[in-house]
Amino acid sequence: MKILSFKDYNELSKEASKIVLNQVISKPNSVLGLATGSTPLGMYKNLIVAYQNKNIDFSKIKTFNLDEYYGLSKHNNQSYYHYMMENLFNHINIDINNINIPNGTASDILKECSDYEDKIKNYNGIDLQILGIGVNGHIGFNEPSTYFEPSTHVVTLDKKTIESNSRFFSSKEEVPTKAISMGIKTIMNAKKIILLANGKNKADAIFKTVNGKIDPNIPASILQLHNDVTLILDKDAASKL
């Protein structure tokens, strides 16, 4: 596990975008695993600028998002589909047919999960997976549990997650209580992983991810077993290491 600590969020975002750019330049048809939330926003802004400056071509890449709220229409402005379109896809030359985000309103949700998993396998897995981390140590929407859920699945969201995500909604009651998420095995099968974290509220989860025992109660701790994972942190998130 490689740990990079930066003085602030801007420097963290620059490093993350540099890794993504290098991946796409070295393999133009890369399969990228993408994350949402506030942490990757700076990285996405940098990628848009790189595209506008003609430093990068996204036309051949494929993307798979980690998760999506269950029961939320993709047209809802809090859906992760909406987030990705607004914060990245509408501003780069990606082929819309190469964008993959779980369908939270699929009529057969279990089939949606297995189809999503199969599609990732059909592309020979993810080349570079981008992760954030929850204050409870979740990655994707793999919440603290008694076991590691292997493949794409429906999950009931942890109270801490609902509370944390309520800042994006008018009230806590509006936050969906379930989501579709890539599983731990799916994430761990990525050839390379970068995890981004900023802020003191993430310091405890980062400490347990790096120094704790491998424990499904801290889902990110499983990353200790991956052979190419880099944690990209600001000094606050790294403050307990």
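Just so you know, glycine gets a Cβ as well, placed from its N, Cα and C.
Feature list (source: Swiss-Prot):
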type	residues	note
ACT_SITE	Asp67	active site, proton acceptor
ACT_SITE	Asn136	active site, for ring-opening step
ACT_SITE	His138	active site, proton acceptor
ACT_SITE	Glu143	active site, for ring-opening step
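With respect to their backbone Cα atoms, Glu143 (active site, for ring-opening step) and Asn136 (active site, for ring-opening step) stand 8 Å from each other. Secondary structure from DSSP puts His138 (active site, proton acceptor) in coil.
Rounded to a whole number, the distance between the Cα atoms of Asp67 (active site, proton acceptor) and His138 (active site, proton acceptor) is 12 Å. Asn136 (active site, for ring-opening step) sits 17 Å from Asp67 (active site, proton acceptor), taking the Cα positions as reference. Asp67 (active site, proton acceptor) falls within a strand segment according to DSSP.
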